[in-house]
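Data block below; observations after.
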Ligand code: BGC
């Protein structure tokens, strides 16, 4: 089902460019979108793409990953075990403001006469640059050049260079650099995806001071008890005369430079900004001191060194993570160019969402918006971790360790919902379940299996035994316990192990029995737990003893997991020869998507949930996702039939769908659909396919676009850690190249229509399979193989 029609990023706003997103004019109509598109961040700190002058803005946003307020969830009618505490990532004090006045007139984009306007997000340098030539009403031509970065190498630091030159005259110029606290939080009453917020003012003012060029303020958050300090310091370079004043109360601080600007003489301000936060353990004073140290170091280093560091960090990232695609000059090069630009921007935004997410997860919107309240979902493990595991395993490891840090709360949560083992929260910041809607929240038990699936891939691809035997094994034991407790052996199903009253990934079908995705993934989780425990018992006695100590693991537990997995019920309909999404899915009435007005999507905003639930209509890939993740458990025929059945029912109302549909379409040889879905996924945000990029980036879909390229077009599969390729380069592309990091080795892959080249760029020896043929690569070696044509889709044979 393909609903969306607008698929091209507005070219007049973002001309095609392989490494840059360039806004060539100021379009107030696109203000909300561009605030997201031009976001910069490092996974700890994120700035929306608001202008330095602070206005105009739709959502002025500055976010710190995991920095949140809690609030009691109030239910009209409550029930036992409902989640109790809401969590919302806060919009923290905004330190990116630098206001400009010339002849006491404020620089304000909507009314300014602009002779030049260009804003560029440079994905190689990691900077957001803007060049504006403003002609004031009195005829003064003022050149404003700014550059902003959130440092990838210095977690707590951001910096802005702001240069003003009056080109044709002299003028009094005031540059006022601010920190503005008490920012509003997004609150969407009608759209359930938006942040619910809370009504109280969450901030308690703590230490604050202004000293010379330095500003400092700190706050404590009322309910969560978290503490934040934010500081800024400045350095000015100019030949013009100037004076400076500063002040800082609890919520607002400024350093103001009043300059007698001389014709053609630049005035350059460097603003360094530091944020430090704590869950409550460190006092505001201590955090102010940390900001002081960060600022001292930044001043010493200077802006240009920070720019250099940023470039080095990104060179390293792109060297590992880039996907280069080349369009066919005779076919649609423009669209290949767009794809390249959007793909890189997606990968760049993922990096910005997690590079320094140390001790936190990845919010569904990264640090680009408050929608979904800054919560962590399965998005991280299923959609983003594959990219990270294969390109930046350090970050993947941090994220898995972060999940482990929630294990005690997951154990507690399992007790709250009357189970044993551990149940990870469907959505959370602090480890507690924050989903107030259990049908599409808590009931998504598959989150347990998703996390364990990501762990398995990570461990196989990196060979990181330490993580597997420590944090990993402990999580495996507790999640396996949950599954064993949750399901039961059903006599009516021939003694098979059934799991009832759960919700799968498709949130348009809830609280069902035997959701195929959940059962398949739970089976995988149980097998994986049993195998790991047995392997440790036989080969790593010390680790095993440790595990027993930490989990109270009993002698035969793994055998029970194994048995439940072996006897897992997997729904299958003999007549249709498909896997029903769950026990009752096929009994429901089919939703008539063709007759549904376009204006009524996403359905969740226009129909009561019960109307949706009683139909066969799918929000996002469910069985189709299982066919990708666990592709070796389906036959080719099943893949065709399942895809053909579910695809027309899938609305794609979740951005997590298109990428998966593209991968499976590519696998079954439906190039047309593969390309269409791939374009939806890749352009999801840059072209605003879902119409809500204003609320932030869809980080999961962005991770999905890497998967579309590598699993979809390169046809990579990694079952059991064995890497195989079955390339399916679509016609619109001429070539594609990328690199993977496999057990510390670097594999470079280049695909054209005719052949594929594999090079072992670093490492020792590596085995990969190309269309069924095993290849062994030695260091530095390139092996080239022709590509067999893709299979003809069923029903299209001559
Ligand atoms: C999707 C979920 C996803 C969440 C956050 C929802 O719309 O249905 O699968 O985890 O968004 O991205």
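For all residues, glycine too, the Cβ spot is worked out from N, Cα and C.
The annotation active site, proton donor is assigned in TrEMBL to 507. Taken from TrEMBL, the feature substrate binding site applies to 378, 379, 619, 620. Among the features that TrEMBL reports, domain 'Glycoside hydrolase family 65 N-terminal' is placed at 23-279. The domain 'Glycoside hydrolase family 65 central catalytic' annotation in TrEMBL covers 344-707. The domain 'Glycoside hydrolase family 65 C-terminal' annotation in TrEMBL covers 716-777.
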Practice prompt. Tell me, roughly as an integer, the mean pLDDT over the domain 'Glycoside hydrolase family 65 C-terminal' (716-777).
Written response: 96
Worksheet entry | Length of the line joining the Cα atoms of residue 620 (substrate binding site) and the residue listed as 'active site, proton donor', in Å | 8
Worksheet item: Near the substrate site, what residues other than 378, 379, 619, 620 in the same chain have a C-beta no further than 8 Å from the centroid of the listed C-beta atoms?
Response: 377, 382, 505, 507, 654, 656, 657, 700
Worksheet item: Roughly how wide, in whole Å, is the group 378, 379, 619, 620 that binds substrate, by largest Cα to Cα distance?
Response: 16
Worksheet item: Taking just the CA atoms, what is the gap between residue 378 (substrate binding site) and residue 507 (active site, proton donor) in Å?
Response: 13
Worksheet entry | Between residue 379 (substrate binding site) and the residue listed as 'active site, proton donor', the C-alpha gap once rounded to whole angstrom | 14
Response to the item:
Between the C-alpha atoms of residue 619 (substrate binding site) and the residue listed as 'active site, proton donor', the distance in angstrom, to the nearest integer, is 6
Discussion item. Return the count of C-beta atoms lying within 10 angstroms of the C-beta of the residue listed as 'active site, proton donor', excluding that atom itself.
Written reply: 23
Discussion item. With every protein chain in view, what's the tally of Cβ atoms within 10 Å of the Cβ of residue 378 (substrate binding site), excluding that atom itself?
Written reply: 23
Worksheet item: For residue 379 (substrate binding site), what is the tally of other C-beta atoms lying within 10 angstroms of its C-beta?
Response: 27
Worksheet, complete the sentence: What DSSP gives for residue 379 (substrate binding site), in three states, is helix
Item to complete: Kindly report the helix/strand/coil residue split of the domain 'Glycoside hydrolase family 65 C-terminal' (716-777) according to DSSP, in that order.
Response: 3 helix, 40 strand, 19 coil
Item to complete: Using all protein chains in view, find how many other C-beta atoms are within 10 Å of the C-beta of residue 620 (substrate binding site).
Response: 23
